[in-house]
Structures are given as C-alpha cells and as structure tokens.
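Chemist: Annotation source TrEMBL lists oxalate binding site at N100, H105, E110. TrEMBL lists H103, H105, E110, H149 with the feature Mn(2+) binding site. If you look up TrEMBL, you'll see C29-C42 marked as disulfide bond. Annotated domain 'Cupin type-1' per TrEMBL: 56-201, in sequence order. Residues or ranges marked as signal peptide by TrEMBL: 1-19.
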Amino acid sequence: MSLLTVLSVILLHSYVTLSSDPDPVQDFCIADMESATKIQPCKNSSAATVEDFVYSGIKLPGIFSETGLSAKSVNVNVFPGLNKLGLSFVRADFEVGGVNVPHIHPRATEIAFVLEGRVYSGFVDTENRVFAKVIEKGEVMVFPKGLVHFQMNVGDKPATILGSFNSQNPGLQRIPTAVFGSGIKEKLLEKAFGLSSKELSKLRMKLAPQELS
Ligand SMILES: *[C@@H]1O[C@H](CO)[C@@H](O)[C@H](O)[C@H]1NC(C)=O
C-alpha cells in the first residue's frame with residue numbers, strides 16, 4: 001500500500017469514528033420553532049436571551065408508564081437551544097421494580113448516570129451477547145449507538161437516572177411497540193414469533209403505540 005492509501009484510510013477512519021451530528025458553523029442556532037417553512041432554521045441571533053439556553057422541564061418526574069418509568073427527553077424538539085450542538089439529555093425515574101423496556105436510539109450513544117437507586121442496566125451487541133449488571137448511585141454506564149438496551153430498578157426505593165446523548169435528536173424505538181404495536185402484518189408476526197393469532201392480538205392490544213413527550 002502506498003503512503004497515500006494508508007493516510008486516506010486513517011483519515012477516513014477518524015472521520016467515521018469522530019462524526020455524530022455535524023459540527024456547528026455558528027456560535028449557536030436556536031431552532032426557530034415558529035418558522036413553518038424551515039427555510040430560516042435559526043432564530044435571529046439578535047433576539048437570543050439566556051432563556052434560550054436553559055430548560056426547566058425536568059425538575060420533577062413526569063407521568064409514570066405502565067412499566068413504572070417516567071422518561072423526560074431533553075432534545076431539540078423541546079429545547080430549541082440544543083439545535084446544531086450535537087447533544088441532548090434525559091431524566092428517567094423508576095418506581096420500585098420499574099422497567100425501561102428494551103429500546104434503541106438510532107442516532108446516538110448514551111451515557112447514563114445513576115443519581116439515585118440501584119438499576120439493572122445493560123445492552124445486547126450484534127452477536128446477541130448481553131452486557132448487563134446492577135449499577136449503583138454514582139456509577140455510569142455507556143450504551144453504544146444503535147444497540148438494544150434496557151434498565152430495571154432492582155432497589156427497594158425509587159431510582160433516578162440522568163443520561164446524555166451525542167445527538168440533538170437521538171430518536172427512540174421501543175422494541176415491543178416497534179414490533180407488536182406498529183401494524184406489521186399479523187401473518188408475518190405469527191410466523192416470526194411462533195404465536196397463535198389469539199396470543200398476537202393480546203400483545204397488539206397491550207402494545208398499541210403510547211404517546212410520549
Ligand atoms: C435580526 O434582528 C436585527 C435586530 O432586530 C435586525 O436588524 C436584522 O435585520 C435581523 N436579521 C435577520 C436575518 O432577520
């Protein structure tokens with residue numbers, strides 16, 4: 001291999017491994033949520049105030065789901081000041097025994113800090129190996145981009161986790177809902193999971209998409 005080839009491979013590799021959301025080209029670009037056309041994506045910077053860079057919506061947990069989880073995402077959709085900055089945040093609260101069902105963030109790696117409690121946390125790699133353990137208050141765990149991951153409060157008190165993402169809009173796909181609550185043809189799911197149509201209807205009823213914020 002020529003030196004040039006070696007160099008281009010190295011450069012390409014570092015580009016690929018370093019890239020997440022694109023780098024900003026301005027100090028900031030507060031998303032203009034009013035702009036219907038999206039032709040002018042940034043709020044006029046002369047009109048920016050400190051309030052554009054503060055989000056107060058996660059002081060408290062939100063409404064708990066049937067699985068005992070309240071997850072409040074702080075992404076660009078609720079916090080326009082994050083626009084083009086390549087990161088976002090989440091506060092997740094768990095009731096005792098509460099579960100964050102297996103899910104994926106297609107556009108971001110997540111690093112999660114246990115603020116309170118004991119949480120069984122893990123992910124599954126593309127060889128179906130499970131990397132999971134109970135992490136405690138003060139510990140962090142990383143969930144690589146795009147891999148299925150999950151959490152359960154195994155302590156005897158409520159638990160709280162704070163997470164960061166290297167995307168302003170990580171995206172979220174819950175596996176149960178994506179598979180059984182999305183309207184994939186019944187025959188396919190019956191065959192894929194070896195379910196009777198009765199068992200499948202039960203799952204579908206339970207997993208019809210829930211709204212979230
Ligand atoms: C931004 O606001 C300033 C002050 O009101 C104004 O002078 C300027 O023309 C605006 N810029 C754009 C692109 O609208």
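One is the number of the first residue shown, and numbering goes on along the chain from there.
Any Cβ shown, glycine's included, is placed from N, Cα and C.
Distances, neighbours, how buried they are, the whole picture for these features please.
Modeler: In the shown protein chains, 23 other C-beta atoms lie within 10 A of the C-beta of E110 (oxalate binding site).
Residues near H149 (Mn(2+) binding site) in space but far in sequence (CB under 8 A, at least 6 apart, same chain), listed by position: P102, H103, I104, E110, S121, G122, F123, V124, F143.
C42 (disulfide bond) falls within a strand segment according to DSSP.
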Chemist: Can you name every residue in this chain, apart from N100, H105, E110, with its Cβ inside 8 Å of the center of the Cβ atoms of the recorded oxalate site?
Modeler: V90, H103, I104, A112, F143, H149, G163, F165, P170, L172
Chemist: Can you tell me the mean pLDDT for the domain 'Cupin type-1' (56-201)?
Modeler: 96
Chemist: Which of H103, H105 has the fewest nearby Cβ atoms, counting only those within 10 Å, among these binding-site residues?
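Modeler: Taking H103, H105 as the binding-site residues, the minimal 10 Å Cβ count falls on H103.
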